[in-house]
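As recorded in TrEMBL, the features of this protein are as follows:
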| type | residues | note |
| --- | --- | --- |
| ACT_SITE | A:Asp7 | active site |
| ACT_SITE | A:Glu68 | active site |
| ACT_SITE | A:Asp141 | active site |
| BINDING | A:Asp7, A:Asp141 | Mg(2+) 1 binding site |
| BINDING | A:Glu68 | Mg(2+) 2 binding site |
Number of protein chains: 2
Amino acid sequence: MRVLGVDPGLTRCGVGVVEGVAGRPLTMCGVGVVRTPVEADLGQRLVAIEQGIEQWLDEHQPEFVAVERVFSQHNVRTVMGTAQASAVAMLCAARRGIPVALHTPSEVKAAVTGSGRADKAQVGAMVTRLLRLGAPPKPADAADALALAICHIWRAPAQNRLQQAVALHASKGRTA
Amino acid sequence: MRVLGVDPGLTRCGVGVVEGVAGRPLTMCGVGVVRTPVEADLGQRLVAIEQGIEQWLDEHQPEFVAVERVFSQHNVRTVMGTAQASAVAMLCAARRGIPVALHTPSEVKAAVTGSGRADKAQVGAMVTRLLRLGAPPKPADAADALALAICHIWRAPAQNRLQQAVALHASKGRTA
């Protein structure tokens, strides 16, 4: 299973591709950051994020896209930008028929470190170890994107059943 | 000047096209609602909004798109969906090189009723009068979309100068 993890943000959108199955060593296929200029207008920044995500989808052809679920307890201005960037990532995936899974930050931390309250350094250290990298990926957004992909691979069986159930329900709704 | 107003929402996205210039009678070119099923998954809903907005852009070829600026003082769950739907509308416009303007709800209310604290009924009544319609557009999201377009036409001179300044600044940044 190949998964593209996306840590959404307007200024820096972390992206990371991981391949593997639960219980086997995982492989990193790529990691990076889609950046957009702070001074550009919002519409242009969303277009740049779309182009960046499309390139990652083209190049890596993931079977799943895992996006961080956006919460509102953070800074309000940041949350709006994060919600908008995540919308673009979900749109790009869904347009290609790639299932999108959302994972909360604490689910991701718990998956890779065993604790939902782990700090950035701990997540970076575990991503480095699990993917057998020479050093923690920088910036933190890139490491977080890889952690999201790992989380999805390990949580995937349950998520997949849920997504199938939702899809079945939706198709029944359309034919009813 | 032809403007597409978008009142963003995941379940109902109001859309309305108004043509005219400040100081002359305005004309409504179209009004409607892009709906997405509550039971569909988020990615699919964003794809449906994209398809809906694209149809409106194709059909009416607006020169500006005016989108309601999303605030966070409302219900948190709703705000996330609204931010995501607005991102899709802005993306569709910016991808075509159509300038996107954001107006706050109180700017829109003040523009069409004279008061930033007007209620839905008052906005609906003024939209009906200004566009010489037989009855207020239903649902309220559709009327709000028309009010956004009217607001943009009336506020356009200042907005246009601002957008030009921003575009100039961005292009200088790229060539620096």
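Cβ atoms are placed via backbone N, Cα and C, with glycine included.
Shown on the structure are the features that TrEMBL records.
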residue: A:Asp7; record: active site; DSSP class: strand
residue: A:Glu68; record: active site; DSSP class: strand
residue: A:Asp141; record: active site; DSSP class: helix
Integer Å distance between the CA atoms belonging to A:Glu68 (active site) and A:Asp7 (active site): 6
Cα-Cα distance linking A:Glu68 (active site) and A:Asp141 (active site), given in Å to the nearest integer: 11
Fewest-neighbour residue among active-site residues, criterion Cβ within 10 Å, set A:Asp7, A:Glu68: A:Glu68
